Amino acid sequence: MNFQRMTDLNLAGKRVLIREDLNVPVKNGVITSDARLRAALPTIKAALEKGAAVMVFSHLGRPVEGEPKPEQSLAPVAAYLTEALGQEVKLFTDYLDGVEVEAGQVVLLENVRFNPGEKKNNPELAQKYAALCDVFVMDAFGTAHRAEASTEGVARFAPVAAAGPLLAAELDALGRAMQTPEKPMVAIVAGSKVSTKLDVLNSLSGICDQLIVGGGIANTFLAAAGYNVGKSLYEADLVETAKQIAAKVSVPLPTDVVVADASQINFEDFLGSLAAAQAVIKKVEDVTANDMILDVGPETAKAFANILTTSKTILWNGPVGVFEVDQFGEGTKALSLAVAQSDAFSIAGGGDTLAAIDKYNVADQIGYISTGGGAFLEFVEGKTLPAVAVLLERA
């Protein structure tokens, strides 16, 4: 993908406006997870080292536009950045008519979603953002799938628009997996419903050599192959769709599964009741009417791990079982370790996937971990991300 990169630009003495994703969880004024802030720091530091006058902006939460509330302010983020950067990072609440910032200095602009017209990508607002800077840097991959004034609009009107290091790394990794994958390529797509991942499955079926499915998605494919899935979560209306996908790409199905007796499960307290449920390993052909499939069995996990070992590119989205409960997490654990130990280029994304990577402590062995969530899925679906499209146009 051809786009301008912040790292290639001369920023000395330039006013640089950086769109980061600083949408961190804040409870009673305290940031409870700083992962996104830690991810953004290298970009801010790089702009400072290049001699720029740096303005950073972001959204936080879902405020009503034009109705700022203190609990949705970026004030805790300004305090965090002040400490992390070793210089005062002032928070500007009134910035649309201009901001005073010197070269080598960083300021933070208040929550963009306080500004009427932000979410609707109002061109007048986008032009006001653009007028603040000489260079606009888009570095928030997690919001790149939304055409908003601070993501797509400003990039149209700024004198120069470039991708920051975080966004560039994300696009490079996704491009490597989706556009020029080294073969053989294997994708792991798991989740509760085929319907929510249908575009992902269709897109990947045209790219990868093997498609490993897990969770409720696998149950729908098992039902399509004529197996009884008992009380397991599956979508009867998508059995034909599963057959069509399986006709396009190799979908290795589980040969054994881990089940629980559905009568022992309280669906109001699903994970709590599962913790007390007995896990039973069964061949897929032995699943009975009252069984609920909650993981792949050890034989299947080993077979899937062997597929991953011989692949050159792995894209992973979703755990193959209810890994939050240990007795139904062995399949996800085995696949996590197989991805980690494979020599393939691996990219992983999606909230549950990241939680599994954390649980099994394999983050350092995954080629690239996408922080994008919805943006990651839309890219994998083959959709154009508006904030990326404008950078490509302006390159």
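Glycine residues also receive a Cβ, built from the backbone N, Cα and C atoms like all the rest.
Features as listed in Swiss-Prot:
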{"type": "BINDING", "residues": "Asp21, Leu22, Asn23, Arg36, His59, Leu60, Gly61, Arg62, Arg113, Arg146", "note": "substrate binding site"}
{"type": "BINDING", "residues": "Lys197, Glu324, Gly350, Gly351, Asp352, Thr353", "note": "ATP binding site"}
Listed binding-site residues (Asp21, Glu324, Asp352), ranked by Cβ neighbours within 10 Å, top entry: Asp21
Among the substrate-binding set Asp21, Leu22, Asn23, Arg36, His59, Leu60, Gly61, Arg62, Arg113, Arg146, as the record gives it, the longest Cα-Cα distance in Å: 18
Sparsest Cβ surroundings (other CB atoms within 10 Å) among the binding-site residues Gly61, Gly350: Gly61
Spatial separation of Arg113 (substrate binding site) from Asp352 (ATP binding site) - C-alpha basis, Å: 27
Other CB atoms within 10 A, centred on Asn23 (substrate binding site): 19
Cβ atoms near His59 (substrate binding site) (within 10 Å, other residues, all chains): 26
Nearest of the binding-site residues (Asp21, Gly61, Arg113) to Thr353 (ATP binding site) - Cα to Cα: Asp21
Secondary-structure category, per DSSP, in which Glu324 (ATP binding site) falls: coil
